[in-house]
Amino acid sequence: MGAAGRQDFLFKAMLTISWLTLTCFPGATSTVAAGCPDQSPELQPWNPGHDQDHHVHIGQGKTLLLTSSATVYSIHISEGGKLVIKDHDEPIVLRTRHILIDNGGELHAGSALCPFQGNFTIILYGRADEGIQPDPYYGLKYIGVGKGGALELHGQKKLSWTFLNKTLHPGGMAEGGYFFERSWGHRGVIVHVIDPKSGTVIHSDRFDTYRSKKESERLVQYLNAVPDGRILSVAVNDEGSRNLDDMARKAMTKLGSKHFLHLGFRHPWSFLTVKGNPSSSVEDHIEYHGHRGSAAARVFKLFQTEHGEYFNVSLSSEWVQDVEWTEWFDHDKVSQTKGGEKISDLWKAHPGKICNRPIDIQATTMDGVNLSTEVVYKKGQDYRFACYDRGRACRSYRVRFLCGKPVRPKLTVTIDTNVNSTILNLEDNVQSWKPGDTLVIASTDYSMYQAEEFQVLPCRSCAPNQVKVAGKPMYLHIGEEIDGVDMRAEVGLLSRNIIVMGEMEDKCYPYRNHICNFFDFDTFGGHIKFALGFKAAHLEGTELKHMGQQLVGQYPIHFHLAGDVDERGGYDPPTYIRDLSIHHTFSRCVTVHGSNGLLIKDVVGYNSLGHCFFTEDGPEERNTFDHCLGLLVKSGTLLPSDRDSKMCKMITEDSYPGYIPKPRQDCNAVSTFWMANPNNNLINCAAAGSEETGFWFIFHHVPTGPSVGMYSPGYSEHIPLGKFYNNRAHSNYRAGMIIDNGVKTTEASAKDKRPFLSIISARYSPHQDADPLKPREPAIIRHFIAYKNQDHGAWLRGGDVWLDSCRFADNGIGLTLASGGTFPYDDGSKQEIKNSLFVGESGNVGTEMMDNRIWGPGGLDHSGRTLPIGQNFPIRGIQLYDGPINIQNCTFRKFVALEGRHTSALAFRLNNAWQSCPHNNVTGIAFEDVPITSRVFFGEPGPWFNQLDMDGDKTSVFHDVDGSVSEYPGSYLTKNDNWLVRHPDCINVPDWRGAICSGCYAQMYIQAYKTSNLRMKIIKNDFPSHPLYLEGALTRSTHYQQYQPVVTLQKGYTIHWDQTAPAELAIWLINFNKGDWIRVGLCYPRGTTFSILSDVHNRLLKQTSKTGVFVRTLQMDKVEQSYPGRSHYYWDEDSGLLFLKLKAQNEREKFAFCSMKGCERIKIKALIPKNAGVSDCTATAYPKFTERAVVDVPMPKKLFGSQLKTKDHFLEVKMESSKQHFFHLWNDFAYIEVDGKKYPSSEDGIQVVVIDGNQGRVVSHTSFRNSILQGIPWQLFNYVATIPDNSIVLMASKGRYVSRGPWTRVLEKLGADRGLKLKEQMAFVGFKGSFRPIWVTLDTEDHKAKIFQVVPIPVVKKKKL
């Protein structure tokens, strides 16, 4: 007996036992009713007929059994009344305006132990504009379950949703049947013999009738041996006519061919027939068009199997011309020729790179924006082309050409056993899905609109985990793990045998302001609402469609202020909704409002308006969303967070007059799972496509709406996160997941004109019992998968937010962990991710569509693929931001930068004004298929990065604890031009636009009061020629400004301003350990007097304690001396600098920004003379206070050999050429060092070291004396000419070398800029090859030239975008 048979037997046995119990024990009636409610003998058959004016009241103990379809005005079940639906073969449709169940009333269709097996539909009808007075609580078109009411809907047990287990390709080509394709190397006549009963290939063979006449004889013998009735598929690949004899030609003619008799050289020819039935033949033939022209002969024929199913045989014999785009060519001149650019001119400029007759031309701006092109023809050939930018001739642009390759042969045989149908291979047993059921397959690309619906067909040959569906997929739907990430498409069941649906009009009508401006369809559907005190609510196996209204409170399923609905509320069994499909809804899917403990399990929400799974006011807790699927979630009009940009701008009735909408800030937040309280459980859920976000945890500082007062302010921001594991998010625009932001909990006013519940700022910091004075309790996110989200895989702001064993792939930005722009909101907390995988560009390339604007090259193979945002968008794995962050034991895979697209595994937030913590730690990182040049990118001015001149852009830094990123354990990686953290031994990484340094680092947080438009200049005393300019993080409309540079400890600094110095200033010591110090000189106008004190500020308790004062000293040395409560400042009025030593006095926790006692601050009040000028003391400060640059913390040794985990690695290159002064003598000093091995120079002139760019080995080193450089420079030219391509060439001068003359042109050949002028000292890293790497560097100065940098090995040219 099969599984289904056993289930039927057990079900019948249970019913038999129930009836025996009823017969022997009459008191057991209630037990039977609970098992199969329609079998109770108390029920009275009821058939009210069809009367739209009939107001039905079922009460006073009436128990009715609805046995047939009916139409009534309304139904009210109360006072112990009960309506039960008869379970039999005849479908029952109950059509009514509304159903109200309260005061002991009950409605039953099936039960948990006896699921309803027939078909039952409730249709809620009516328009909003009929003049009918809506119920003040329930409205119109509803099923209302009030106090004492019970609603029990229990449909058939069916699998709710599962995963695709085999990839579906567009058109279904790879889903069953047979596919055969050959090109070169498979010449001749190809024959397939096909069984007409099943469509399977019985045998196939190849006959090389080009090579030998014996092959013709063998072909005839083969065809004669095939029994009549078999299907023959015959075609030529490449060439088959040269030794094709008459016997073979006649044999094919006998089978029904008309063209084989005259087959010529390389003619494409295809033929299908049934042996013994020449009239069944189909045939195609075409002559060969030469090596530059495509030609194809194609046939197909439909056959029917013995089971009545159809299969299609397709056959093609072709000469195919493949095409490819050339590289991009930069063009920076406006055409001076009338009629456009001559293509011949480009041929000359780029010989061998452009074909003679391009098929197509593309042009873009230098930033990648598409431009219009026009091809002008002359005598049938491409003669000129013109480029236009908004109607004008382009000035500076890039152009490329589509060129055809020589043709190649191609033979294809396809047998499609699923004609206009597709077999789905699924993870689970889906035998509960029946013919006629509707399924939806989720998108596995960036666009959620690639979700597709299919109808199940009968399939006798399907396995238990297979179904046949009508039609073919339009899009690629992944059904496998790709690059370590489970990207399988979700497949949801939409059909159920119990249906609750709204009756809809054909088009939109204006029952609410603006509604028809946004929707062209009727959105006034039905809804189900549960009120406080309902008796029971259990819904399963039910389909809800056309439900919800664009009115607040009218949702498909709505638990409204119901309180505790589980055991805590006295419900046994606890309330649940499970195994539901809620689709094509007009306002959400499931709303939990002021209700706790609800189980929402195995629910599919599809094609909804507004947040799908929605918690409303903030106090909703302990609800569990288990194995729920939401997809195709679109914007709605109800709340600002539901609205898209158009709605946000048009719907302003709930705002204060004068409000100017900012859609991306105030609105644009529609989400599949909208969690207004973190203390809810999300397990095994999938957010498979929303206009904005998959999972969004949002915070209500105080409860809103009717829930006002249910918790104290700030409770939701501190409550620990419920269970969150095994969830997945993809095909969303903004993010797969967000923990951040709040909603505005006050009405619109003159002070804040934004509408109630607009999106605002909020911070999450989970603590035990939601008490910030109790220990922190981290929010744990485990086994989360985020892929194909256009912007972010996840944006998570904390507090302690920790991720473990997560997977991110194909997101614009995989993950951003944020804390606070100035401080972590919860000081001492951290954000962490460990044991996780990030994939930049996976094997899921998506589907190219005609209107897909974001398609372009990518991945390791540079093939076409869908892209997240723009062709040149800098894809990033983890975006470092704020801090402190810990990244541990993570793997990065397939991040490959292109020339024009700065893809990287690790990077920083773009256009960042905020702080960057030097204690952002990275350890245990592994890279797979990530070139070492693409591991990190600090940014550069250009598209997406803009000018890279915001404060956070300039101060980016992180700690490479074990060297797994940089190969330098314990190093700090920083932007290459941040001289506040650099020292003389830092090593540049040009590919990253960064530097590898060592040291002890912290931050200063400087607040300048009563001003917001000052630009601050800070200088480290040992590098006075390299200031750092900070604009301030805040807008110019604030009453103060703040600056937060990362600084090297135990160093001296000066601070200057572009206007008069601020009269009030506070300096906070951030990330200082006890005893850490810096010395600061602040520029003020002469005549200024000061009042300076120190204090400790406890941000949590908002308490400040004064700890001391600074008194003036006339001796600079005394600044170094301090005593408890008393320190010194030195006012050097000549230079205009106020000197202070800032030293931390208290211990600090590991991840805290401030000490355990609070934040240590120094406050300065300055009485500044009126009309004082600009406070920039640089000219008087230096060289007076210049300090010698020293390395306090030695650079770590680079990892080598077996310590490295990847084949590519960095080669360390150090070069110095300088004059060193010893007493009264000057000594010339020069050397080249490669990976720790020095090559000193002994003679004046040029030293040269050549390195193999593939292996990183030094292959030669020599020197050229001045006499050679000056007299016989061709020796150097000849030497360079013999250097193999792909070689790194290092050069350093020594002594008074010849810095001018013909020999310097060698530098240009090795990548130096043309027209260079050398000074007295020179160091150069060059490259001999066909391209110029970014790391080619020339340093030339009068006294010292120095290059410390790394070069990637092997040297590989980046592919162009």
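Indices start at 1 and increase along the chain as displayed.
The backbone N, Cα and C atoms fix where each Cβ goes, and this holds for glycine too.
Over in Swiss-Prot, the protein carries these features:
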- 1-30: signal peptide (SIGNAL)
- ASN119: N-linked glycosylation site (CARBOHYD)
- ASN165: N-linked glycosylation site (CARBOHYD)
- ASN312: N-linked glycosylation site (CARBOHYD)
- ASN370: N-linked glycosylation site (CARBOHYD)
- ASN420: N-linked glycosylation site (CARBOHYD)
- 595-617: repeat 'PbH1 2' (REPEAT)
- 798-819: repeat 'PbH1 4' (REPEAT)
- ASN889: N-linked glycosylation site (CARBOHYD)
- ASN921: N-linked glycosylation site (CARBOHYD)
- 1227-1361: domain 'GG-type lectin 2' (DOMAIN)
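Features recorded in Swiss-Prot, as mapped to the structure shown.
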{"residue": "ASN119", "record": "N-linked glycosylation site", "Cβ within 10 Å": "18"}
{"residue": "ASN165", "record": "N-linked glycosylation site", "Cβ within 10 Å": "17"}
{"residue": "ASN312", "record": "N-linked glycosylation site", "Cβ within 10 Å": "17"}
{"residue": "ASN420", "record": "N-linked glycosylation site", "Cβ within 10 Å": "12"}
{"residue": "ASN889", "record": "N-linked glycosylation site", "Cβ within 10 Å": "15"}
{"residue": "ASN921", "record": "N-linked glycosylation site", "Cβ within 10 Å": "20"}
Taken over the domain 'GG-type lectin 2' (1227-1361), the predicted model's pLDDT averages 94
ASN889 (N-linked glycosylation site) and ASN921 (N-linked glycosylation site), distance between Cα atoms, whole Å: 11
State the residues, same chain only, that lie 6 or more residues beyond the ends of the repeat 'PbH1 2' (595-617) and have a CB under 8 A from a CB inside it; answer 'none' if no residue qualifies. 160-161, 440, 451, 492-494, 519, 523, 548, 550, 555, 559-569, 574-589, 623-639, 641-642, 670-677, 680, 690, 700, 703-707, 710
What's the CA-CA gap between ASN312 (N-linked glycosylation site) and ASN889 (N-linked glycosylation site) in angstrom, rounded? 51
Hey, which bits of the same chain come close to the repeat 'PbH1 4' (798-819), Cβ under 8 Å, at least six residues off its ends? 446, 482-487, 736, 739-740, 763-766, 776-792, 825-826, 829-842, 844, 868-869, 873, 875-879, 881-885, 909
Nearest by CA distance to ASN420 (N-linked glycosylation site): which of the glycosylation sites is it, out of ASN119, ASN165, ASN889? ASN165
Using DSSP and collapsing to three states, where does ASN889 (N-linked glycosylation site) fall: helix, strand or coil? coil
Would you list the DSSP helix, strand and coil counts for the residues of the repeat 'PbH1 2' (595-617)? 0 helix, 16 strand, 7 coil
Summarise the repeat 'PbH1 4' (798-819) as counts of helix, strand and coil residues per DSSP. 0 helix, 13 strand, 9 coil
Students should find that the Cα atoms of ASN165 (N-linked glycosylation site) and ASN889 (N-linked glycosylation site) sit apart, in Å rounded to an integer, by 29
Can you grab the distance from ASN119 (N-linked glycosylation site) over to ASN889 (N-linked glycosylation site)? Cα atoms, rounded to a whole Å. 54
Taking DSSP three-state, what's ASN119 (N-linked glycosylation site) in: helix, strand or coil? coil
Counting by DSSP, what is the helix, strand and coil composition of the domain 'GG-type lectin 2' (1227-1361)? 23 helix, 60 strand, 52 coil
According to DSSP, does ASN420 (N-linked glycosylation site) sit in a helix, a strand, or coil? coil
Per DSSP (helix/strand/coil reduction), ASN921 (N-linked glycosylation site) sits in strand
